[in-house]
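**Student:** Mind looking over this structure? Questions follow.
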Amino acid sequence: MGDDPNPPSGWKPWLALALPMALGLALRIAAAQGDYWLDEAWAALFARDARTPGEMLLAIGHGHGDLLTIAWLQFVGWGGSPLLGRALSIACGTAAIGVAGLIGLRRGPGAALLTATMAAVSPILVTYGSEASGHAAALLALLASIWMVDRALFGRPVRHAAAWLSLAALLGMLAHVSMLSGVAALSGWVLIERGRHMPAGRALAATARLMGGPVAAAVAALLIVLLGTYAGADGPWIGGRAAFTWPGFLDALVHMLAFTIGWTPLIGLPMLALLLLPLTVRRKGPLADRAPFFLIAILGFPLLVALLRPDGSALPGYYLLVPVALLLLIADLLAALIAREKQAAAVAAGMILVAGLVADAAIIGSRRGDPGPAVDAMIRRAPGGAAVLLDHGADSAVLESAAASRVYQLLALESCAPARFVYLSSDGTRPLPLAALRCGAAFRPIAAGHAAGLSGMDWQLYERVR
């Protein structure tokens, strides 16, 4: 398979990628059904209450979303359709499929189609492309940046590439701070590639011309996020800011890797072997041009996290750079082998796509543990409004947002007070009780939800026994 340094431009590549993009759009719309889960609900709540840029900074400082998501949810409005609240992510996630295909197009039409299809069905991309968070916008910005850098190094450069890369870095950082690792990996790739062909000083200057703007934009956006973080340091934090632990770090990695390729039944430490895949690319082979980026992104970034041990690194979403780079590498390798008529590669590609679709079906079926049926159950039993007891105050936003979309009067309580219902939630690591005893009263289960995948929560609703 020979590379085309000047792949076709215009509408023809997009026409070839229309089928995987349509498939990806359908999967993301299907996965976006149901009411907001915990992180989304808090982002919607803070979008409702944030009336100034300062209040928006406080929201991201408390971990309640990102600037782009909060601005979009303000446009949708409190009580608006959750599907509309996720529409920005659906659009960005679908566009990202096309950009992934364009990255593969330099390897040939077959590689473009395989890359786009893998991006369309990858469970981690389906998850983040169908929830009201900044992950999908950051993924789109990252893939667009990879495409522009790849063209600048090996093909026909995009006009004003440095300016476009700066814009992508800024928007990606405002969507999710994981974009910072992408900018760093791309800068390292450019420096290594320029250093192969020119002295160190000229290589540094050439790297600065292309990546200086994106680095500056990323740092500026990071300062904005840090300002919100320090301003909101005393407020309630929703999301993952737990201290680094080795079990949490390894668990996040294996879940991220399993949901990248869809082999979710095989979640376990052997999945970590995928991090070594960049080492299989021969230094003098036809795929060596992207090897520095793959090494930095897939292997180097997790090793850096292990070395620095930052807080909040126990979430798969922390490592968005890794699944993007891993999918591009796997597509490169398999497409090259398929072009050489290696049947095992075609079988492996089919297994990844089928496994991804099976995992997607589970995600779609679980609806992230959709909390809406809990409110529906209360409406059926108490149509005029209800009070519900909570064990975790963070659950209040989940029920309030679902109630708002139904124009239902719901009072969430954390202290003992007369209430007909009790709502309990879990992250899936512990079972919920068959019955609840609260404030001297017994409650029986009447509705439940279970999440499958990287997002969502398990919950159970109980009604007071009369």
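Keep in mind that glycine also has a Cβ here, set from the backbone N, Cα and C atoms.
Dumping what TrEMBL says about this protein:
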TRANSMEM  83-105  transmembrane segment
TRANSMEM  136-155  transmembrane segment
TRANSMEM  161-192  transmembrane segment
TRANSMEM  213-233  transmembrane segment
TRANSMEM  253-279  transmembrane segment
TRANSMEM  291-308  transmembrane segment
TRANSMEM  320-339  transmembrane segment
TRANSMEM  346-365  transmembrane segment
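Just tell me what is around each of these and how deep it sits.
**Tutor:** Listed by sequence, the residues of this chain that lie at least six past the ends of the transmembrane segment (83-105) yet keep a Cβ under 8 A from its Cβ atoms are 4, 7-8, 13-14, 16-17, 20-21, 24-25, 28-29, 32-33, 36, 40, 44, 68-69, 72-73, 76, 111-116, 118-120, 125-126, 128-133, 135-137, 139-140, 143-144, 146-147, 150, 327-328, 331-332, 335.
Beyond the ends of the transmembrane segment (136-155), by six or more residues, the same chain brings 3, 5-7, 68-69, 88-90, 92-93, 95-96, 99-100, 102-103, 106, 125, 128-130, 161, 164-165, 168-169, 171-173, 175-176, 178-179, 182-183, 186, 189-190, 193, 210, 214, 289-290, 293, 320-321, 324, 328 to within a C-beta distance below 8 angstroms of the stretch.
Within its own chain, the transmembrane segment (161-192) has Cβ neighbours under 8 Å at 66-69, 133-138, 140-142, 144-146, 148-149, 151-153, 203-204, 206-207, 209-218, 220-222, 224-225, 290, 292-293, 296-297, 300-301, 317-321, 324-325, counting only residues six or more beyond its boundaries.
Remote same-chain residues near the transmembrane segment (291-308) are listed as 146, 181-182, 184-186, 188-189, 192-193, 249, 253, 274-279, 281, 283, 318-319, 321-322, 324-326, 328-329 (criterion: CB distance under 8 Å, separation of at least six residues from the stretch ends).
Residues 1, 100, 103-104, 107-108, 110-111, 114-115, 118-119, 122, 124-125, 128, 135, 138-139, 142-143, 146, 176, 178-179, 181-182, 185, 256-257, 259-261, 274-275, 277-278, 280-281, 286-287, 290, 293-294, 297-298, 301-302, 345-346, 348-349, 352 of the same chain, all 6+ positions outside the transmembrane segment (320-339), place their C-beta atoms under 8 angstroms from a C-beta of that stretch.
For the transmembrane segment (346-365), same-chain residues at least 6 beyond its ends with a Cβ under 8 Å from one of its own Cβ atoms are 27, 30-31, 33, 114, 117-118, 121-123, 126-127, 259, 261-264, 330, 334, 338, 452-453.
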